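Q: Below is a structure I'd like to ask you about.
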Amino acid sequence: MKNKINLRSLAAQAIEQVIEQGQSLSNVLPPLQQKVSDKDKALLQELCFGVLRTLSQLEWLINKLMARPMTGKQRTVHFLIMVGLYQLLYTRIPPHAALAETVEGAVAIKRPQLKGLINGVLRQFQRQQEALLVEFAEHENRYLHPKWLLKRLQQAWPQQWQEIVDANNQRPPMWLRVNRNHHSRDEWLALLKEAGLEGFTHPDYPDAVRLATPAPVHALPGFAEGWVTVQDASAQGCMRYLLPENGERILDLCAAPGGKTTHILEVAPQAQVMAVDIDEQRLSRVYDNLKRLGMKAEVKQGDGRFPEQWCGNEQFDRILLDAPCSATGVIRRHPDIKWLRRDRDIAELAQLQAEILNSTWEHLKPGGTLVYATCSILPEENSQQISAFLARTPDAELHATGTPASPGQQNLPGPEEGDGFFYAKLIKRRN
(Lines of atoms letter the chains of each structure in order from A and count residues from 1; the text may use other names and numbers.)
(Lines give C-alpha, C1' and ligand atoms only; values in the text may rest on other atoms or scores of the structure.)
Protein backbone atom coordinates (compact mmCIF):
# COMPACT_ATOMS: atom_id res chain seq x y z
CA MET A 1 0.00 0.00 0.00
CA LYS A 2 2.73 2.47 0.97
CA ASN A 3 4.15 2.87 -2.52
CA LYS A 4 0.76 4.00 -3.91
CA ILE A 5 0.55 7.07 -1.72
CA ASN A 6 1.11 10.34 -3.58
CA LEU A 7 3.93 12.21 -1.80
CA ARG A 8 3.09 15.57 -3.40
CA SER A 9 -0.44 15.49 -2.03
CA LEU A 10 0.88 14.67 1.47
CA ALA A 11 3.31 17.60 1.26
CA ALA A 12 0.49 19.92 0.15
CA GLN A 13 -1.67 18.80 3.08
CA ALA A 14 1.17 19.32 5.56
CA ILE A 15 1.89 22.83 4.26
CA GLU A 16 -1.81 23.69 4.37
CA GLN A 17 -1.96 22.63 8.04
CA VAL A 18 1.01 24.88 8.83
CA ILE A 19 -0.11 27.95 6.86
CA GLU A 20 -3.90 27.78 7.26
CA GLN A 21 -4.18 26.20 10.72
CA GLY A 22 -1.00 27.56 12.35
CA GLN A 23 0.34 24.12 13.24
CA SER A 24 4.05 23.42 13.66
CA LEU A 25 5.66 21.32 10.93
CA SER A 26 7.40 19.24 13.60
CA ASN A 27 3.92 18.14 14.78
CA VAL A 28 2.35 17.75 11.33
CA LEU A 29 5.11 15.92 9.44
CA PRO A 30 5.88 12.78 11.54
CA PRO A 31 2.36 11.23 11.25
CA LEU A 32 2.44 11.76 7.47
CA GLN A 33 5.92 10.23 7.22
CA GLN A 34 4.54 7.07 8.84
CA LYS A 35 2.41 6.57 5.74
CA VAL A 36 5.34 6.33 3.31
CA SER A 37 8.32 4.05 2.76
CA ASP A 38 11.66 4.86 4.40
CA LYS A 39 13.19 6.04 1.13
CA ASP A 40 10.28 8.45 0.57
CA LYS A 41 10.43 9.97 4.07
CA ALA A 42 13.41 12.15 3.12
CA LEU A 43 11.73 13.41 -0.07
CA LEU A 44 8.52 14.26 1.79
CA GLN A 45 10.57 16.22 4.32
CA GLU A 46 12.52 17.99 1.57
CA LEU A 47 9.29 19.05 -0.20
CA CYS A 48 7.72 20.40 3.02
CA PHE A 49 10.84 22.18 4.27
CA GLY A 50 11.65 23.51 0.81
CA VAL A 51 8.21 24.98 0.16
CA LEU A 52 8.17 26.66 3.59
CA ARG A 53 11.71 28.00 3.05
CA THR A 54 10.72 29.61 -0.28
CA LEU A 55 7.03 30.26 0.43
CA SER A 56 6.97 33.96 -0.44
CA GLN A 57 8.58 33.27 -3.84
CA LEU A 58 6.12 30.47 -4.64
CA GLU A 59 3.20 32.65 -3.53
CA TRP A 60 4.40 35.45 -5.82
CA LEU A 61 4.76 33.06 -8.77
CA ILE A 62 1.25 31.68 -8.32
CA ASN A 63 -0.15 35.22 -8.29
CA LYS A 64 1.66 35.85 -11.57
CA LEU A 65 0.56 32.58 -13.18
CA MET A 66 -3.10 32.48 -12.09
CA ALA A 67 -5.89 34.99 -12.58
CA ARG A 68 -7.26 34.32 -9.10
CA PRO A 69 -6.06 32.24 -6.14
CA MET A 70 -7.61 28.93 -5.10
CA THR A 71 -9.77 29.38 -2.01
CA GLY A 72 -12.13 27.39 0.21
CA LYS A 73 -12.26 23.68 -0.53
CA GLN A 74 -9.83 24.12 -3.42
CA ARG A 75 -7.16 25.57 -1.13
CA THR A 76 -5.14 22.34 -0.95
CA VAL A 77 -4.68 22.62 -4.73
CA HIS A 78 -2.98 25.99 -4.18
CA PHE A 79 -0.37 24.26 -1.99
CA LEU A 80 -0.09 21.34 -4.42
CA ILE A 81 0.86 23.82 -7.17
CA MET A 82 3.49 25.26 -4.78
CA VAL A 83 4.94 21.76 -4.35
CA GLY A 84 5.11 21.44 -8.14
CA LEU A 85 6.82 24.81 -8.57
CA TYR A 86 9.33 24.02 -5.83
CA GLN A 87 10.34 20.78 -7.55
CA LEU A 88 10.83 22.54 -10.89
CA LEU A 89 12.88 25.31 -9.30
CA TYR A 90 14.96 23.63 -6.63
CA THR A 91 15.21 19.85 -7.05
CA ARG A 92 16.92 17.45 -9.41
CA ILE A 93 13.68 15.58 -10.01
CA PRO A 94 13.24 15.38 -13.82
CA PRO A 95 10.61 17.98 -14.83
CA HIS A 96 8.37 15.41 -16.54
CA ALA A 97 8.29 13.30 -13.34
CA ALA A 98 7.68 16.32 -11.11
CA LEU A 99 4.80 17.40 -13.35
CA ALA A 100 3.23 13.96 -13.63
CA GLU A 101 3.37 13.22 -9.89
CA THR A 102 2.07 16.67 -8.91
CA VAL A 103 -0.83 16.51 -11.37
CA GLU A 104 -1.65 13.02 -10.07
CA GLY A 105 -1.77 14.51 -6.57
CA ALA A 106 -5.09 16.12 -7.52
CA VAL A 107 -6.65 12.64 -7.53
CA ALA A 108 -5.26 11.89 -4.06
CA ILE A 109 -6.87 15.04 -2.62
CA LYS A 110 -10.14 14.24 -4.42
CA ARG A 111 -9.91 17.08 -6.94
CA PRO A 112 -9.37 15.10 -10.19
CA GLN A 113 -11.29 17.72 -12.17
CA LEU A 114 -8.42 20.17 -11.49
CA LYS A 115 -5.63 18.05 -13.02
CA GLY A 116 -5.75 20.12 -16.21
CA LEU A 117 -5.50 23.38 -14.29
CA ILE A 118 -2.45 22.20 -12.29
CA ASN A 119 -0.77 20.91 -15.44
CA GLY A 120 -1.46 24.19 -17.25
CA VAL A 121 -0.04 26.39 -14.47
CA LEU A 122 3.15 24.33 -14.14
CA ARG A 123 3.72 24.22 -17.91
CA GLN A 124 3.13 27.96 -18.15
CA PHE A 125 5.80 28.42 -15.47
CA GLN A 126 8.24 26.30 -17.49
CA ARG A 127 7.69 28.54 -20.52
CA GLN A 128 8.02 31.81 -18.60
CA GLN A 129 10.53 30.71 -15.94
CA GLU A 130 13.47 32.85 -17.02
CA ALA A 131 11.51 36.11 -17.29
CA LEU A 132 9.64 35.47 -14.02
CA LEU A 133 12.83 34.83 -12.08
CA VAL A 134 14.46 38.00 -13.44
CA GLU A 135 11.42 39.98 -12.28
CA PHE A 136 11.35 38.27 -8.88
CA ALA A 137 15.02 39.10 -8.26
CA GLU A 138 13.98 42.77 -7.93
CA HIS A 139 10.87 42.14 -5.81
CA GLU A 140 10.72 42.81 -2.05
CA ASN A 141 9.76 39.14 -1.46
CA ARG A 142 13.17 38.01 -2.72
CA TYR A 143 14.53 37.75 0.84
CA LEU A 144 11.95 35.01 1.57
CA HIS A 145 11.04 36.52 4.96
CA PRO A 146 7.84 38.24 6.14
CA LYS A 147 8.07 42.05 6.16
CA TRP A 148 7.78 42.45 9.94
CA LEU A 149 10.69 40.07 10.58
CA LEU A 150 12.86 41.59 7.87
CA LYS A 151 12.31 45.02 9.43
CA ARG A 152 13.30 43.76 12.90
CA LEU A 153 16.44 42.07 11.55
CA GLN A 154 17.43 45.24 9.67
CA GLN A 155 16.97 47.34 12.82
CA ALA A 156 18.80 44.92 15.11
CA TRP A 157 21.62 44.01 12.72
CA PRO A 158 22.10 46.86 10.19
CA GLN A 159 25.47 45.47 9.01
CA GLN A 160 24.70 41.73 9.10
CA TRP A 161 20.99 41.36 8.29
CA GLN A 162 21.58 40.18 4.71
CA GLU A 163 24.00 37.48 5.89
CA ILE A 164 21.46 36.40 8.52
CA VAL A 165 18.65 36.21 5.96
CA ASP A 166 20.87 34.26 3.60
CA ALA A 167 21.83 31.80 6.38
CA ASN A 168 18.14 31.39 7.31
CA ASN A 169 17.37 30.38 3.72
CA GLN A 170 20.03 27.63 3.59
CA ARG A 171 19.77 23.98 4.54
CA PRO A 172 21.17 23.58 8.07
CA PRO A 173 24.37 21.69 8.87
CA MET A 174 24.12 18.56 11.04
CA TRP A 175 25.99 18.93 14.31
CA LEU A 176 26.61 16.12 16.79
CA ARG A 177 27.77 15.97 20.40
CA VAL A 178 30.18 13.16 21.25
CA ASN A 179 29.52 11.61 24.67
CA ARG A 180 32.87 12.13 26.40
CA ASN A 181 32.06 9.31 28.87
CA HIS A 182 32.28 6.78 26.02
CA HIS A 183 34.91 8.18 23.64
CA SER A 184 37.04 11.23 23.12
CA ARG A 185 36.01 13.30 20.13
CA ASP A 186 39.04 12.12 18.13
CA GLU A 187 38.28 8.46 18.92
CA TRP A 188 34.71 8.84 17.72
CA LEU A 189 35.83 10.70 14.58
CA ALA A 190 38.00 7.68 13.74
CA LEU A 191 34.93 5.43 14.11
CA LEU A 192 32.97 7.82 11.90
CA LYS A 193 35.66 7.59 9.23
CA GLU A 194 35.53 3.77 9.41
CA ALA A 195 31.78 4.05 8.76
CA GLY A 196 32.54 5.97 5.56
CA LEU A 197 31.47 9.40 6.87
CA GLU A 198 33.46 12.59 7.32
CA GLY A 199 33.24 15.00 10.25
CA PHE A 200 34.79 18.32 11.32
CA THR A 201 35.45 19.64 14.82
CA HIS A 202 34.41 23.00 16.28
CA PRO A 203 37.20 25.27 17.62
CA ASP A 204 35.25 26.39 20.71
CA TYR A 205 33.01 23.47 21.70
CA PRO A 206 35.02 20.39 22.72
CA ASP A 207 32.33 17.75 22.07
CA ALA A 208 31.01 19.13 18.76
CA VAL A 209 31.33 17.43 15.36
CA ARG A 210 29.79 18.65 12.10
CA LEU A 211 29.05 16.04 9.46
CA ALA A 212 30.31 16.88 5.97
CA THR A 213 26.96 15.56 4.70
CA PRO A 214 23.90 15.03 6.96
CA ALA A 215 23.20 11.34 7.60
CA PRO A 216 20.41 9.33 9.27
CA VAL A 217 21.11 8.65 12.96
CA HIS A 218 21.18 4.87 12.45
CA ALA A 219 24.29 5.39 10.27
CA LEU A 220 26.18 7.06 13.15
CA PRO A 221 28.54 4.78 15.13
CA GLY A 222 27.03 3.96 18.53
CA PHE A 223 24.00 6.26 18.29
CA ALA A 224 21.64 3.69 19.83
CA GLU A 225 24.23 3.01 22.56
CA GLY A 226 24.44 6.69 23.52
CA TRP A 227 27.88 7.44 22.10
CA VAL A 228 26.64 10.51 20.23
CA THR A 229 23.66 12.91 20.20
CA VAL A 230 22.30 15.23 17.52
CA GLN A 231 22.63 18.77 18.88
CA ASP A 232 23.57 22.05 17.22
CA ALA A 233 26.98 23.48 18.10
CA SER A 234 25.50 26.70 19.52
CA ALA A 235 23.25 24.76 21.90
CA GLN A 236 26.36 22.92 23.12
CA GLY A 237 27.89 26.30 23.97
CA CYS A 238 25.71 26.53 27.09
CA MET A 239 28.15 24.26 28.96
CA ARG A 240 31.00 26.77 28.49
CA TYR A 241 29.13 29.10 30.82
CA LEU A 242 27.17 26.73 33.07
CA LEU A 243 30.30 24.67 34.00
CA PRO A 244 28.37 21.99 35.95
CA GLU A 245 30.25 19.99 38.59
CA ASN A 246 29.72 16.61 40.21
CA GLY A 247 27.67 16.65 43.40
CA GLU A 248 25.85 19.89 42.56
CA ARG A 249 22.08 20.32 42.44
CA ILE A 250 21.30 21.69 38.96
CA LEU A 251 18.02 22.84 37.41
CA ASP A 252 17.46 22.61 33.65
CA LEU A 253 14.36 24.72 33.06
CA CYS A 254 12.39 24.54 29.79
CA ALA A 255 14.35 21.31 29.31
CA ALA A 256 12.52 19.44 26.53
CA PRO A 257 13.62 17.63 24.42
CA GLY A 258 16.51 17.00 26.83
CA GLY A 259 19.62 17.79 24.78
CA LYS A 260 21.03 20.12 27.43
CA THR A 261 19.90 17.91 30.34
CA THR A 262 21.95 15.03 28.96
CA HIS A 263 24.89 17.33 28.15
CA ILE A 264 24.98 18.46 31.80
CA LEU A 265 25.14 14.79 32.85
CA GLU A 266 27.88 14.02 30.32
CA VAL A 267 30.01 16.85 31.75
CA ALA A 268 29.11 16.10 35.41
CA PRO A 269 27.81 12.50 35.68
CA GLN A 270 27.40 12.77 39.47
CA ALA A 271 25.34 15.98 39.38
CA GLN A 272 21.78 15.86 40.71
CA VAL A 273 19.73 17.26 37.83
CA MET A 274 16.09 18.33 37.81
CA ALA A 275 14.66 18.77 34.28
CA VAL A 276 11.43 20.78 34.06
CA ASP A 277 9.22 21.68 31.10
CA ILE A 278 5.67 22.99 30.81
CA ASP A 279 4.81 20.68 27.89
CA GLU A 280 3.90 17.20 29.14
CA GLN A 281 4.07 15.72 25.63
CA ARG A 282 7.55 17.04 24.91
CA LEU A 283 8.79 15.63 28.22
CA SER A 284 8.51 12.15 26.68
CA ARG A 285 11.50 13.15 24.51
CA VAL A 286 13.49 13.94 27.68
CA TYR A 287 12.79 10.44 29.01
CA ASP A 288 13.76 8.93 25.62
CA ASN A 289 17.08 10.80 25.56
CA LEU A 290 17.93 9.88 29.16
CA LYS A 291 17.13 6.23 28.46
CA ARG A 292 19.24 6.06 25.27
CA LEU A 293 22.19 7.61 27.09
CA GLY A 294 21.72 5.49 30.23
CA MET A 295 21.27 8.52 32.50
CA LYS A 296 19.00 9.49 35.38
CA ALA A 297 17.45 12.86 36.17
CA GLU A 298 14.41 14.05 38.08
CA VAL A 299 11.92 15.02 35.36
CA LYS A 300 8.91 17.20 36.17
CA GLN A 301 6.12 19.00 34.34
CA GLY A 302 5.91 22.59 35.52
CA ASP A 303 5.52 26.28 34.68
CA GLY A 304 8.73 28.30 34.98
CA ARG A 305 6.78 31.27 36.36
CA PHE A 306 5.72 29.28 39.43
CA PRO A 307 8.71 27.21 40.64
CA GLU A 308 7.26 26.79 44.12
CA GLN A 309 4.65 24.47 42.57
CA TRP A 310 7.29 21.94 41.50
CA CYS A 311 10.32 22.52 43.73
CA GLY A 312 8.90 24.15 46.88
CA ASN A 313 11.55 26.34 48.50
CA GLU A 314 14.51 24.42 47.10
CA GLN A 315 17.53 26.35 45.84
CA PHE A 316 19.99 25.18 43.19
CA ASP A 317 23.75 25.54 42.71
CA ARG A 318 23.29 26.17 38.99
CA ILE A 319 20.32 26.89 36.76
CA LEU A 320 20.14 26.64 32.98
CA LEU A 321 17.15 28.65 31.74
CA ASP A 322 16.63 27.92 28.05
CA ALA A 323 13.84 30.45 27.83
CA PRO A 324 10.79 30.22 25.54
CA CYS A 325 11.54 32.54 22.63
CA SER A 326 10.79 33.51 19.03
CA ALA A 327 13.27 30.87 17.75
CA THR A 328 14.45 33.40 15.15
CA GLY A 329 17.96 31.91 15.38
CA VAL A 330 16.86 28.46 14.15
CA ILE A 331 14.77 29.40 11.10
CA ARG A 332 16.98 27.33 8.80
CA ARG A 333 16.02 24.26 10.89
CA HIS A 334 12.36 25.25 11.25
CA PRO A 335 11.37 27.39 8.25
CA ASP A 336 7.72 27.37 9.38
CA ILE A 337 8.77 29.81 12.14
CA LYS A 338 8.84 32.62 9.55
CA TRP A 339 5.14 32.14 8.81
CA LEU A 340 3.86 31.09 12.27
CA ARG A 341 5.35 33.97 14.28
CA ARG A 342 3.73 37.41 14.41
CA ASP A 343 5.30 40.76 15.25
CA ARG A 344 3.18 41.07 18.41
CA ASP A 345 4.60 37.77 19.72
CA ILE A 346 7.97 39.34 20.52
CA ALA A 347 6.71 41.66 23.29
CA GLU A 348 4.60 38.84 24.76
CA LEU A 349 7.59 36.48 24.78
CA ALA A 350 9.84 39.13 26.36
CA GLN A 351 7.28 39.59 29.15
CA LEU A 352 7.10 35.82 29.74
CA GLN A 353 10.91 35.56 29.80
CA ALA A 354 11.12 38.36 32.38
CA GLU A 355 8.56 36.63 34.62
CA ILE A 356 10.42 33.31 34.44
CA LEU A 357 13.79 35.01 35.11
CA ASN A 358 12.41 36.81 38.17
CA SER A 359 10.82 33.72 39.71
CA THR A 360 13.72 31.38 38.91
CA TRP A 361 16.31 33.73 40.42
CA GLU A 362 14.73 33.20 43.85
CA HIS A 363 15.67 29.52 43.60
CA LEU A 364 19.38 30.12 42.92
CA LYS A 365 21.76 29.79 45.88
CA PRO A 366 23.95 32.80 46.78
CA GLY A 367 27.18 32.38 44.79
CA GLY A 368 25.31 30.24 42.25
CA THR A 369 25.27 30.54 38.46
CA LEU A 370 22.26 31.06 36.19
CA VAL A 371 22.78 30.80 32.44
CA TYR A 372 20.00 32.49 30.46
CA ALA A 373 19.87 31.13 26.91
CA THR A 374 17.60 31.58 23.88
CA CYS A 375 17.68 30.49 20.24
CA SER A 376 16.60 34.03 19.30
CA ILE A 377 18.61 36.76 17.58
CA LEU A 378 16.33 39.65 18.61
CA PRO A 379 17.69 42.07 21.26
CA GLU A 380 14.29 42.43 22.97
CA GLU A 381 14.60 38.82 24.10
CA ASN A 382 18.34 38.88 24.71
CA SER A 383 20.61 41.82 25.54
CA GLN A 384 17.70 44.14 26.40
CA GLN A 385 16.12 41.43 28.54
CA ILE A 386 19.32 40.97 30.53
CA SER A 387 19.96 44.73 30.85
CA ALA A 388 16.50 45.17 32.36
CA PHE A 389 17.01 42.20 34.70
CA LEU A 390 20.37 43.52 35.95
CA ALA A 391 18.83 46.96 36.54
CA ARG A 392 16.06 45.55 38.76
CA THR A 393 18.06 42.79 40.49
CA PRO A 394 20.72 44.17 42.87
CA ASP A 395 22.27 40.76 43.68
CA ALA A 396 22.74 39.77 40.01
CA GLU A 397 26.15 40.16 38.38
CA LEU A 398 27.02 39.56 34.72
CA HIS A 399 29.97 37.22 34.23
CA ALA A 400 32.10 36.18 31.21
CA THR A 401 29.44 37.16 28.67
CA GLY A 402 29.58 40.68 27.27
CA THR A 403 29.60 43.91 29.29
CA PRO A 404 26.87 45.65 31.33
CA ALA A 405 26.44 48.07 28.41
CA SER A 406 26.06 45.18 25.96
CA PRO A 407 25.32 42.07 28.00
CA GLY A 408 25.46 38.51 26.73
CA GLN A 409 27.14 36.50 23.99
CA GLN A 410 25.16 36.52 20.71
CA ASN A 411 25.89 33.91 18.06
CA LEU A 412 24.36 34.60 14.66
CA PRO A 413 23.38 31.83 12.24
CA GLY A 414 26.02 31.35 9.58
CA PRO A 415 29.40 32.84 10.50
CA GLU A 416 29.87 30.63 13.58
CA GLU A 417 28.40 27.70 11.64
CA GLY A 418 26.04 26.99 14.53
CA ASP A 419 22.49 28.30 14.91
CA GLY A 420 21.62 31.77 16.17
CA PHE A 421 21.89 31.61 19.96
CA PHE A 422 22.25 33.93 22.96
CA TYR A 423 23.82 33.26 26.36
CA ALA A 424 24.15 35.40 29.48
CA LYS A 425 25.93 34.09 32.58
CA LEU A 426 24.63 35.60 35.82
CA ILE A 427 26.15 35.07 39.28
CA LYS A 428 24.13 35.67 42.45
CA ARG A 429 26.18 37.81 44.84
CA ARG A 430 26.72 36.47 48.35
CA ASN A 431 25.38 38.74 51.09
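Keep in mind that glycine also has a Cβ here, set from the backbone N, Cα and C atoms.
Worth saying up front: this structure is predicted, and the values here are computed from it rather than measured.
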Q: Can you find which of ASP303, ASP343 Swiss-Prot lists as binding S-adenosyl-L-methionine at the same site as CYS254, ALA255, ALA256, PRO257, GLY258, GLY259, LYS260, ASP277, ASP322?
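A: Record check against Swiss-Prot: S-adenosyl-L-methionine site with CYS254, ALA255, ALA256, PRO257, GLY258, GLY259, LYS260, ASP277, ASP322, extra candidate from ASP303, ASP343 is ASP303.
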Q: What are the DSSP helix, strand and coil residue counts for the compositional bias 'Polar residues' (403-412)?
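A: Taking each residue of the compositional bias 'Polar residues' (403-412) in turn, the totals are 0 helix, 6 strand, 4 coil.
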Q: Just to confirm: which same-chain residues, 6+ apart in sequence, have a Cβ under 8 Å from the Cβ of GLY258 (S-adenosyl-L-methionine binding site)?
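A: Those within reach of GLY258 (S-adenosyl-L-methionine binding site), by Cβ under 8 Å and sequence separation of 6 or more, are ALA275, ARG285, VAL286, TYR287, ASP288, ASN289, LEU290.
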Q: Which of the three DSSP-derived classes (helix, strand, coil) applies to LYS260 (S-adenosyl-L-methionine binding site)?
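A: For LYS260 (S-adenosyl-L-methionine binding site) - judged by DSSP and reduced to three states - the answer is helix.
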Q: Can you give me the same-chain residues 6 or more apart in sequence from ASP303 (S-adenosyl-L-methionine binding site) with a CB-CB distance under 8 Å?
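A: Listed in sequence order, they are ILE278, GLN309.
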